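Novice: The structure that follows is given in the form of structure tokens.
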Amino acid sequence: MKTVSQLIDMKQKQTKISMVTAYDFPSAKQVEAAGIDMILVGDSLGMTVLGYESTVQVTLADMIHHGRAVRRGAPNTFVVVDMPIGAVGISMTQDLNHALKLYQETSANAIKAEGAHITPFIEKATAIGIPVVAHLGLTPQSVGVMGYKLQGATKEAAEQLILDAKNVEQAGAVALVLEAIPNDLAEEISKHLTIPVIGIGAGKGTDGQVLVYHDMLNYGVEHKAKFVKQFADFSVGVDGLKQYDQEVKSGAFPSEEYTYKKKIMNEVNNND
């Protein structure tokens, strides 16, 4: 399992970091078998596996449930679990209680929290021993206000993102996720931070990349963002399900090959 210091060492050696967002035991098991460096249990699970319209409906209980499953599937991978909306920003005492509960009950290596406003939370969480990954740029929990669009696209916005990135690092963040920002801006931020910067829709100049398991494998998704590359096609599973339906209806399944050979009814009838 990678450690924070090893991830920083990868950045210093210019070895790119791979990260995949996964939500359950079997996907986490596959991600670990593939040798991926990090797993993010993202609150995007709300739309991807729970069928919600957005991340707004995702609860702390949801994140703990899925975080535990991922840890069981990937016991030797660096796992980061999202703080869902409402888990940060109520009061510092509540925020830290939520963070501690998530961190302890999922056995995660770090938690992730969105936005530039959380620097005081990062400082306090770090002080009590909870590693925090920051998330800037497009932050899904704020799409109701910001919308799904490129962030940092003006001079002022870019300068603010650079400042925000420096602030979360200074507050103690162990890594930073940058989402949907211009690639040259992401590269500039990556160069000026000592912590690893993981990009999603932020070009190749970051220290690593993260994509969602379901997006990159075309597993049950209808719409994919511009920055998503499909590396395999799990949608072919629908063909298998159709064949199963046909064989059940025709009586072709189960054949003798899939049936136990043991016969018992003669013995049952002889007892009468």
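Quick reminder: no glycine exception, Cβ is built from N, Cα and C everywhere.
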Novice: Given that Swiss-Prot lists Asp82, Glu114 as binding Mg(2+), which residue among Asp43, Asp62, Asp95 does it place in the same site?
Specialist: Asp43
Novice: Compare the C-alpha of Ser44 (3-methyl-2-oxobutanoate binding site) with the C-alpha of each of the recorded positions Asp82, Glu114, Glu179, and give the closest one.
Specialist: Asp82
Novice: Restricting to the record's 3-methyl-2-oxobutanoate-binding residues (Asp43, Ser44, Asp82, Lys112), give me the longest CA-CA distance in Å as a whole number.
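Specialist: The 3-methyl-2-oxobutanoate-binding residues span at most 13 Å between Cα atoms.
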